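Colleague: The structure that follows is given in the form of structure tokens.
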Amino acid sequence: MKKIIKTGIAVGTVMIFVQIGNLIYAEENPIQNTEYVVESENVSENTENVTESYTEDVAGTDEYAIKKTGWNLEGNVWYYYNTDGTQKTGWLRYNNNWYYLDTANAGAMLTDCKKYIGGATYSFDTTGIMQTGWIKKAEGWYWTNSSGIMQTGWQLIGGVWYYLDENNTTYPGLMAANQKCTINGARYSFNASGAMQTGWIQSAEGWYYANENGVIVSGWKQIGRTWYYLDGNNTTYPGLMEANQKCIINGTRYSFNASGAMQTGWIKSAEGWYYANTNGAITEGWQKINGKWYYLNPEKAGIMSTGWIRLGNNWYWLDNSGAMKTGWNNGYYLGSDGAMRTGWQLIDNKWYYFYKANDPNTSGYKEGLMATNTEIDGWTIGNSGVAVESIEKKIEEIKKYVTTPYLYGGATTKGWDCSGFTQWALKYLGITIPRSSYDQATEGIAISKKDKSLWKSGDILLYADKSGSISHVALYLGDGMLMHALNSKYGTLIQGVDYYETWDKGNSLVGVRRYL
């Protein structure tokens, strides 16, 4: 079918309407006194698009002109005309799509833009269709509801929370993505797709933690049985998890491993060992741990000390594990409190001497070292370090018992016989000898009775009666003197060796025995 459009006298132009798809294109041509033949398939049957009345009077003339209806492209702008030829403005629903013909711009169709209309913002694509749902722009993503209204603020979409930033003055409603934002005083994190994140969040600078509401938390956070610290005072990265470092928090030092977990117990660092209590606080000073004492040096932020340390006026020895030692330690003696002892010390009922600082008894020995093979304060100190009071000094003490009575079978200062006295005297000198005269005569070392220059204080002098039997013993005091418990008449006496032999005709010297 063909439709013929007649033209009259040329007074203007004629609009030829051709439908392509859903759009009606108009073409301007000079009005000629001729006919235009338009193939029927190119002409819309939609009366909204092409008027059935092809001409109308032009006011003041006898000419005729074509009425505009439907879509018209004028220059690069689309307009829409009602069936009566009047221009449409505002909202237009066409083929189930919404368009907006801008009242502020002579009804021009909006394309590829956002427009604030009637208190709300709408978005239109390049064909002018109002958009709904997610909208991708060069700067990012927006979201509009089913009415096409562009949304702002928090939006729950498909079970996921998004934030469309109404405070973005350049791009209002732009979706927050791949960033952290402060919203109403709380910080949130959004991944690359814009989804609000919860739980652990990894960023280039480290880790954050967001609660179930998406709020990035700060301060102490217990997750499972592990404590973490999220530093709210970090001005560059608020809430950043502390990891692989030690931090002072509210005046207390804590240590966090590479995974951010607060550490307790012994902590190994490049600079040494630390100890954190059950609350995670790094301790300092003396600490008793599992029954042992350790010193965590406050001057070195709590590093465990080893070896010799001096605190106040005392020295302490801490082994390689840091444990404080007590008792003997390589020639030094450490008390039950761990402090190194100096001077005279009674240990296990034995006397030892440990050199003092600037000790007059030492020539170059270290403070605290046990003295050996020397004599100090009248005491003889052997290789073992045990101090024995000098024989001469003890002999002087023994002499004080010269008035002790004779008591047959006795062996104490309340009374003794001759062998009881010598046994007591040798014990006082540090040696245990047999009880009877006969046994005392057979043990020890024999010394020549004829050469008195070989005799020493503490030797036992042996006497025999006329039958040759050992009948009496005495203690040699030195310088030719002896001491013995003679009998009940004379008791205990000190006499010259030679004098006694001439005085007591019944006994004669037959031997000398040495036990010291």
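Think of each number as a place in line: the chain as shown, counted from 1.
From the backbone N, Cα and C atoms, a Cβ is placed for every residue, glycine too.
Annotations in TrEMBL come from automatic prediction, not curation.
Pulled these features from TrEMBL for this protein:
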- 151-170: repeat 'Cell wall-binding' (REPEAT)
- 197-216: repeat 'Cell wall-binding' (REPEAT)
- 283-302: repeat 'Cell wall-binding' (REPEAT)
- 305-324: repeat 'Cell wall-binding' (REPEAT)
- 388-516: domain 'NlpC/P60' (DOMAIN)
Colleague: Do you know the DSSP helix, strand and coil residue counts for the repeat 'Cell wall-binding' (305-324)?
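Modeller: DSSP classes over the repeat 'Cell wall-binding' (305-324) add up to 0 helix, 12 strand, 8 coil.
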Colleague: Can you break down the repeat 'Cell wall-binding' (283-302) into helix, strand and coil residue counts using DSSP?
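Modeller: Output for the repeat 'Cell wall-binding' (283-302) reads 3 helix, 11 strand, 6 coil.
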Colleague: Who are the chain neighbours of the repeat 'Cell wall-binding' (151-170) in space, where the CB to CB distance is under 8 Å and they lie at least 6 residues beyond its ends?
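Modeller: Sequence-distant neighbours of the repeat 'Cell wall-binding' (151-170): 139, 142-145, 176, 181, 183, 188, 190, 194-196, 214.
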